[in-house]
Each structure stands twice: as structure tokens, then as C-alpha cells.
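Pulled from Swiss-Prot:
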type	residues	note
ACT_SITE	Cys268	active site
ACT_SITE	His327	active site
ACT_SITE	Asp350	active site
BINDING	Asn390, Asp392, Glu442, Glu447	Ca(2+) binding site
Amino acid sequence: MMDASKELQVLHIDFLNQDNAVSHHTWEFQTSSPVFRRGQVFHLRLVLNQPLQSYHQLKLEFSTGPNPSIAKHTLVVLDPRTPSDHYNWQATLQNESGKEVTVAVTSSPNAILGKYQLNVKTGNHILKSEENILYLLFNPWCKEDMVFMPDEDERKEYILNDTGCHYVGAARSIKCKPWNFGQFEKNVLDCCISLLTESSLKPTDRRDPVLVCRAMCAMMSFEKGQGVLIGNWTGDYEGGTAPYKWTGSAPILQQYYNTKQAVCFGQCWVFAGILTTVLRALGIPARSVTGFDSAHDTERNLTVDTYVNENGEKITSMTHDSVWNFHVWTDAWMKRPDLPKGYDGWQAVDATPQERSQGVFCCGPSPLTAIRKGDIFIVYDTRFVFSEVNGDRLIWLVKMVNGQEELHVISMETTSIGKNISTKAVGQDRRRDITYEYKYPEGSSEERQVMDHAFLLLSSEREHRRPVKENFLHMSVQSDDVLLGNSVNFTVILKRKTAALQNVNILGSFELQLYTGKKMAKLCDLNKTSQIQGQVSEVTLTLDSKTYINSLAILDDEPVIRGFIIAEIVESKEIMASEVFTSFQYPEFSIELPNTGRIGQLLVCNCIFKNTLAIPLTDVKFSLESLGISSLQTSDHGTVQPGETIQSQIKCTPIKTGPKKFIVKLSSKQVKEINAQKIVLITK
């Protein structure tokens, strides 16, 4: 028997964190374990009890998941002195210096994602230590990886950028909502790896970004005792955080990781924010995407149907589809070897719980190419996403005739769904319109051909798509966004094929609602009868500010005014309808910050706001946040009267170098949020 004192033993493994982190683009992760990307070489330094001899045994064992097994690809055994290809993993000795040896390890570009234990076996001795844990991620820098992205600027944006924004508001009034993705913050990657374990994925499924993406999408929403975030669209957020108050993903994922309890509460941009963070952390290129006038087609018939009574009020018992002023989801970049050729690239993934897919609340990944072509049965959930961005919209008038309900199509819009699909531009703080990636131009022959193709695939009767009758009346409604506290004007534009003098009855029904279309308060009905002459004429309805101002303070959401307008020509009984949404505009505020700062030196942010509105603002707060600089800080300012100016100083001390984005927010009972931001370069 060999003398134990002469047996080779590994005393310590040096993961050479600094060098490996730079080459693997993982230096910013705040985690105690080394982080590597698959398909790329990394180096280890083994500290031995004696110089390595030719007769010594030396094997590296990488294991992941419960009961690791070579047959299941969850255990990889490598001998660095006998170059071999073990499931496309390789190890070679690079350098020997006394009692230290350097080993180069290259994992497979198809390796299982997640947490690995590294053990080193030397004869009868095995070095096992919880310190020798490593994380293995997808690698968009590796050509053989399914998530390979060829453009370096895009990799920097969709993998390495930890700040960004969501686009919210309305199609005519798009607003930027800054968002800290924070994929490198403490415990965020640990949370993402933990979510892989908690999901229904088998370890071998974790090789495939399609399956990982789908599983992470499902894990974002709470269901059956599992999931990160609880959705809430009621307007009552007692016991949690109102969705609009979140400014980033990291606090949500950190809270979930620390408590293992679902976080309260989220809406679409919050779900999209945390999914984008999780995918970027795991190495899947991801971007936040917003579609305006986004449809929710519950009947899965590629149309959005709204039913109204003769007063212009929505009949909720019949109307199950909805149109959201905006909806935010995530695009993820990957190859799709599970599909026919041509569907690689961006895939839509929607973490907001809307409809079940294969029994769980998740949507996608759906190839943008399939959505654009109308290939609605390409997996996953392409039919649902297609309807979100390219459905037709019908408004039905329900009339009682001799005690029976009669349905009349009073509006059919083929261009109103899926406007201004937006994402942050690569390397710039500006909006990029990517509508063309989702569909052909509205009204083009290609777009109509795609709709015909989609309906043919659906094998649906298309009675409603045939002209009901020749329309001699066409109507549109215009309304500019209004400064909070002012009256709102709705201009009804009527176009006729005759210039004859006629009488028109205009009925407008107005309500305060959430961006999802949920009614929060009935405001009023406005009626007007006018004589019109000429082929084009205008009629204006004015909504007084008193009808909406008192309802704002009771809402803990960003509201919009919905106007539903019905016009009827008295002489011909011709009826048309249109729906219009109006958002509120708010005064801006200014921030004063230096352009540069240093680690350890105090930074002071001066916030200045003048209330130029005609109403007082109550419960006014300033808040500031910056990744690596300052966690969320808030200062209270009570009530700010019309014309009054307030100032606030918020102080912080930087702890990380680089360009850092400061996000400052003002909020009140009446104004839910106004944002300002500035980038400060922090040096040593």
C-alpha cells in the first residue's frame, strides 16, 4: 500500500477570478462563486502538496444537479494529461511550476446551464469543498452556442447593459420609464440559478435556451405556490408595492431569493423587467419591448370584439377581449433548431400572466419571423402574439328590436392594433421603432396577405371581415394629451360622400381607466346635436376637468381617459363609432448633478420642481436610485401649491467605477410619477 504521506493531494483551487472574469465578460457579477460562459476556455491553478509526477492520478469532476451521472451529462470527468473529448468538454495542462499546475478547461457549447461542483480526484484522495462551486452560463460570444449574437454592440446592450427603460403611455404620447435591470447586483444571479432548480426543467433541458426561456417565463408569475411576482390590476395595493413604484428588477429578485415568498405586486412592465433581467443574467440576449394599442384576444379568433349598448357603454358581460394602451414583454435572441429553417433570431416571450400555454401561465418563445409571416401555429403561442400586434378590431352595437338583441358592426378597424412597437436603441438612450420586425406596414398588400394567410390557417369563417354595407359616413376622433387639471377637447371629424345639410347626433361616453382598459370610474356622458354641411365637418365635445380631478387621488395607478363616441346621421340612420384615449401631461423637474465623481467622495443631487399645474399636489416625494451608487432614497415634501417651487438635496457615495445612471422620480397622489435621469462618470 502506498504511503499516505506520499499520495498526491490538491490543497486548494485558485479559479483565477480576475483573468477569467474579464475574458468571460462576467467581472461585474457580485457573487462569491466564479462565473463562466460555456464553450469558452477558463483556467484553474491547482495548489498541490508535492510536484506533479507522471505516475500521479489527476482528474477533474464537474457535477450539476441531484444524483449526477455521466450518462445524463450531469457529471463530466476530465484527465488534463490525457486530452480527450468528454461530451465536448476538454482539459489540458498549461503550466507546471513546483507544487502548482495550471489547467485549461473548455466546457461544451451545449453544456448544461447552472451551478456546478468541482471536485479534484488524485488517487484515493478527493478534494471536495463548498468553496469550489462555479456557475456556467449561456455564451453569446461563442459561435457554437445557440444564443450566439454576432454584433458586439448588441451583446453589450442585450447582455451587459444593466440599465435601460420601458416605453409606456399611449401611441400618440410615448413616455420613457427608466428601469434598472441590475443583473449583476448581489444575489440576482444566485436567484436566477435557484429559479432553474425550482422550475420544472430537467437538468438536461437546461442546455436549451428555448426551454430555459419558457421555464423562466413561467417562473416570473406566482401560481400554485410558486413564482416570483404576484400580478395585481385592481388598483388596491395594500400589503405590497404599487407596480408603478418599482424602479428596477434587483429589489424584487433579491426579496424573492431571501424570503422564498412571492413579491407583491407587478404589472406588465414589471414582469417584462424581471424576465429581461433573468435572461441577461443567464446569458440569453434580451430586450424589453412595448406595443401600443395591444390586443388581448381571449377568443383566439384573431379579432378583438367590443360590444356596446345604444348609450355607448361597453357591455362587460359580452366583451371578453380587450385592448391595452400599451403592453410590455421581452424579446430573447436564440436559434430555433426545433423549428424549420428561417425562425432563428428574436423570439417574443411574455411573462405577464394572461392565458395558459400547455397548462401554465407563460407565452413564447415565439419567433418574430413567424409573427410577421402569420405562421400562427409555429410554437410557442404565435397565434396569441400575432393577435396582440396585428389583429383586426370590431365594435358591435347591441340593439333591442322587438325584445330581441340585434348585433350591428359599427366599426371595423384593420390598422388600430399594434402601433409603434418600441425598444431602447443599442448604445443610446432613445426609442427605436421595431414595428417592421413584427409586421408589414399597416394597409399594405403584404399585411393583408399575411392576415388572409393567418385566417386560412385558423380555418375560421370570416363573415365579419366582409363589408357589412357600403359606408357613406366615416368618423375619427382626435384628442391631444392634456396638462393635468385642464379641460379635455375631443374633436369628432366626420367625412361623408355628400355635402348636403344633415343633422348628426353625437354621443360621448367617458370613463377613467387603467392602461389595460379596466374601468375605474365613470366620468360622464356628453350629447350634442349639430347641423353639418360639406363633405368634411368637425364637432367638438369638451370634458371639464372637474369631472375627473377628484377621481385621480383615489387611484394608485397611472390613469387614462377613455372616450367612446357614437355618431348617427338623423336622416339616413347611418351609425359609426370610434374610441379614443387621452393621457395626462405633467410639468418637468430639473436635477443638478456633476458630470463626474470619485469612489468614496460624496455626490449631491439637487432636485428642483415648480408646480405649474392649476391644482395642488399632495404627498409629494422625491426619490433617487443608482446601481452601484445608491439604493433607493426618498424625501417627503407634503403638499405643493400651484405656482410653488420646492427643492431637495439627496446625497450618496459611489462604491463602483464606470458610467452610472442616476434615476430621480417625483410622485404625488395626483401625479404618479415624473422621471429624470443623468449619467455620471465615476472614477477611482
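Backbone N, Cα and C atoms are what each Cβ position is placed from, and that goes for glycine too.
Feature annotations (Swiss-Prot) mapped to structure.
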residue: Cys268; record: active site; DSSP class: helix
residue: His327; record: active site; DSSP class: strand
residue: Asp350; record: active site; DSSP class: strand
residue: Asn390; record: Ca(2+) binding site; DSSP class: helix
residue: Glu442; record: Ca(2+) binding site; DSSP class: coil
residue: Glu447; record: Ca(2+) binding site; DSSP class: helix
Residue among recorded positions Cys268, Asp350, Glu447 with Cα closest to the Cα of His327 (active site): Cys268
Among Asp350, Asn390, Glu442, Glu447, which are recorded positions, the residue with the most C-beta atoms within 10 angstroms of its C-beta: Asp350
Protein Cβ atoms within 10 Å of Cys268 (active site), excluding its own: 26
Asp392 (Ca(2+) binding site), number of other Cβ atoms within 10 Å: 21
Rounded inter-Cα distance in Å - Glu447 (Ca(2+) binding site), Asp350 (active site): 23
Binding-site residues clustered about Asp350 (active site) [Cα within 10 Å; pool: Asn390, Asp392, Glu442]: none
Cβ-Cβ neighbours of His327 (active site) (radius 10 Å): 27
Sorted by sequence, non-Asn390, Asp392, Glu442, Glu447 residues with Cβ within 8 Å of centre, Ca(2+): Gly391, Thr414, Thr415, Ile417, Gly418, Lys439, Tyr440, Gly443, Arg448, Val450, Met451
